[in-house]
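Per TrEMBL, the features are as follows:
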- 153-162: compositional bias 'Basic and acidic residues' (COMPBIAS)
- 165-176: compositional bias 'Low complexity' (COMPBIAS)
- 177-187: compositional bias 'Basic residues' (COMPBIAS)
- 198-215: compositional bias 'Low complexity' (COMPBIAS)
- 1-108: domain 'C2' (DOMAIN)
- 252-378: domain 'C2' (DOMAIN)
- 420-544: domain 'C2' (DOMAIN)
- 586-706: domain 'C2' (DOMAIN)
- 130-219: region 'Disordered' (REGION)
- 836-866: transmembrane segment (TRANSMEM)
- 951-979: transmembrane segment (TRANSMEM)
Amino acid sequence: MNNLKLGVQVTAAHGLVAKDGEGSSNAYVELHFDDQKFRTSIKEKDLNPVWNEIFYFNISDPNNLSNLTLDAKVYNNNKATRTKASLGKVTLHGSSFVPYSDAAEFYYPLEKHNLFSRVKGELGLKVFLTDDPSINPSNPVSDVESFAMSDPVETRSHENEAPPRSSSYSSISTSSSRRRSGSRHTFWHLPKEESGTKSEPQPQSQPQVSSTTSSAKSDAQLPRFMQFSGPSSQPLDYKLRELSPNLGGGRIVGGRVVRNNYSSVGPFDLVEQMQFLFVRVVKARDLPTMDITGSLDPYVEVKVGNYKGVTKYFDKNSNPEWNEVFAFSRERLQTNVLEVKVKDKDLVKDDFVGVVRLDLHEVPTRVPPDSPLASQWYRLEDKKGEKISKGELMLAVWYGTQADEAFPDAWHSDAIAPADLSAAAYAHIRSKVYHSPRLWYLRINVIEAQDLIVSDRGRFPDVYVKAQLGTQVSRTKPAQTQTGNPFWNEDMMFVAAEPFDEHLILTVEDRVGPNKEETLGKVIIPLASIPKRPDDKNFPSQWINLLKPSVADVEEQDKKVKFASKLHARISLDGGYHVLDESTYYSSDLRPSMKQLWKPSIGVLELGILNADGLHPMKTREGRGTADTFCVAKYGQKWVRTRTIIDSLSPKYNEQYTWEVYDPATVLTIGVFDNGHLGSNKDTKIGKIRIRISTLEAGRVYTHSYPLLVLHPSGVKKMGELHLAIRFSCTSMTNLMFVYSKPLLPKMHYSRPLSITQTNALRANAIIILASRLSRAEPPLKKEVVEYMCDVDSHFWSMRRSKANFYRIIALLQGLIAVGKWFGDVCKWKNPVTTVLVHLLFVMLVCFPELILPTVFLYMFLIGLWNYRYRPRHPPHMDTRISYADSVTPDELDEEFDTFPTSKSSDGVRWRYDRLRSIGAKVQAVLGDIAGQGERAQALLSWRDPRATTIFLTFCLVAAVTLYATPFQMMALLGGFYIMRHPRFRSKLPSAPWCLLMLEDLKGDLTCIYKDKYTSVFGVLVS
């Protein structure tokens, strides 16, 4: 029986619109969910009503919860006319509902019912899920019930009901995602995100026609390349290339899928269909004993041609159960016989127990979503092919593709490791989907302390508070006090990760001497007990009893220890922030930590990792260069890792993954690595690719070859190419356009912003926590992989990046510079026809000033319309010219790859310092010139030069009278004609106003302090 219910606590509303004509409103709230309607009591004459009423809705279908919405509508009750007027509404999606333990009260801004509604204010709600069978649903409001007859104080809520028990809601999203796994672009061989991924089926231009295996193989051809032409001047080998591969959905031509009459569309339509022979070894029974002691340590060896897979062995077990799956690439099979041998593990030589031989021509083919193939018992045979007296093996053998459920966890023949590899390392070559933990900002506002007891009462204590969360430590500034009641009012921020299994330790310490502290009090607070805050509104503070310094264990806090010292603080988990673990410009997720604040998704991103080509050898094996590569893709909280392809410089992955998209201003990151578990103990980075979602057209399939460009100490280097297929499917164009009008980060980043120093420090802590959690998974994502994907060193100094950013600014100003040069040519009458036309346009705009803004916007519209034909047809990729990677000097590369702090010799550091001084001298001169020009303008009114100020004031007076007496349009025309006058009426000497300005005194001489020793002019020139 389904006991799942949705609880809604309507707490209060603030700042409602007055609707009763007397400056007030008679407000009540109607709740609509799953064809049920509840109503609160009516609060008479109150613009800030308080209800605190709880309602419980029955959930008819928990699998459909993410598709339901909760509508909270606020109305004004007009008793005279027996009508109701809208005061606003709040709509919450089912994907944002959380269990009671994670729920928090949040004030939602009221939205309009329609375009002409006038609303304002906020509505406080606490929404949660519970499966407590003791809670009864509320009494719904009947549709035929008269509004005028409704009792304002009718009891429809559970005002005095106890809070529900903790809900076991963990299975809802899982079942919901499984229910939707049959849609076309949902790849159910991999686990989905916790919030559930909803993928809309794409329209099909032609009916689906099933095909045979032989026809599919005949269509498999090498991908065709189409080279982009453009103004980029980077080498041809570094450019992006468009592919036209034959994928599962058909051939991709120009971003569109061209289907043929013999291709069937499956769930893997962005990768090439790969055929595998799957062998599931389930269990054995009644195996004969081989040792003298009568015991058996069995394991199974699956062999197809030259490929061999081995299960784990069991100690002294004649009825073992393995349930392991082996996948052999069908195109590499060199035999028609499958051998499954059962052997006995021995110290010297393993004994043969029995074998099962199967003809591969008789193996059936399974196509999802068919049910899994039933396993069968096979009698073991000896080496001569005769049945043995006892011993049976249960097997399931079938042909399938990478869409099979057994594919992710199967042992693969293309991942055969070296012979000296341990059996435990086989787990590190499988594909895997990871979900990074949800991160929160922990804010500690330390206000004051009371009644601190110090050991030395003859001095003023120098007290500070130290907070520690795991490896994160922060301290307040020391505060001296005479009364033992120090005051700080300082904030400390930490990064916390779910599940909250750590403890916050607050310690009050007295600095009694250099490097000597005395502990005055201590408290240990579990993170799970700290309340969560969704916004920046005032949060209640609390007085915390400090334990004696000797009490250190968490269990000791339960004892009634009498201690006078207390600490006044505000401690909260701020869920309104997004915890930045990536650079803001390359972030893949911008949602806040609190799930209730998440907006609905705007689309689905699908990625097909096809293959890599021409990879650079990363290791040596048997005297030749090779690589054991895998790919990692990160978007949002979901990380994916492909299986490791062993001993190949042109690996074929053909794995497809999907993500939900919540913001177009996010970036998908794909990295290629060499597996360190098969040689060294460290994964080596090969290259990285970034794809911005906002540059993708909805519904278009992007199939490109991305060059893996990496900056080495010797210069930029191409490490190979990665072939990808990407598609962004928009589920709601209205929501997508609406996102563009919203700020990039959540609201709390603007209402209570963090400093740049705080953000960088918290980002470093977030990456450390993320790397620690993912490195404990199986297979692990190592620290170096996580740091490389998150760009942990992006804030380090680089001369190359500084030059690139400087020339990016110059490129932005090129337009203004070009307009200035063109106008200079107009003023010099280099092209008389153009100058005359500009004069006519100028006269028209002066006579009709209302045309100025329409002309400007029409001009920009026409420019954008003209540029549409030259729009980019592929996602942007690294440009070695813009990044100055191809023109960087060896010394700049040496400086960029230097550690922090530096590890170079003193001579090299001294040379870099001198170079930095020379650059600083040029910047100093430019800043001085800019300040001088501004000071000259200020000096005209400061009477530092009485004669110049008198001339300027006289000119101002004459100009004021003239402008007052002359129409503005006339003055504008005269001024424009004067500026654009013919060169015959111009002089090469500066104008009189400019000469007056240049004669003004500067403050530069006030900043000069003359040195008694001068630097060599020759040295400055050389530098």
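Backbone N, Cα and C atoms are what each Cβ position is placed from, and that goes for glycine too.
Unlike curated records, TrEMBL annotations are generated automatically.
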Counting only CB pairs under 8 A, let me know which of 1-108, 420-544, 586-706 has the most with the domain 'C2' (252-378).
586-706
Average pLDDT across the domain 'C2' (1-108)?
89
Contact set of the transmembrane segment (951-979) with the rest of its chain, CB cutoff 8 A exclusive, min separation 6+ beyond the ends, reads 827, 839, 842-843, 846-847, 849, 940-941, 996
Residue counts for the domain 'C2' (1-108) under DSSP, helix then strand then coil, are 12 helix, 56 strand, 40 coil
Which residue counts does DSSP yield for the domain 'C2' (586-706) in the helix, strand and coil classes, in that order?
10 helix, 63 strand, 48 coil
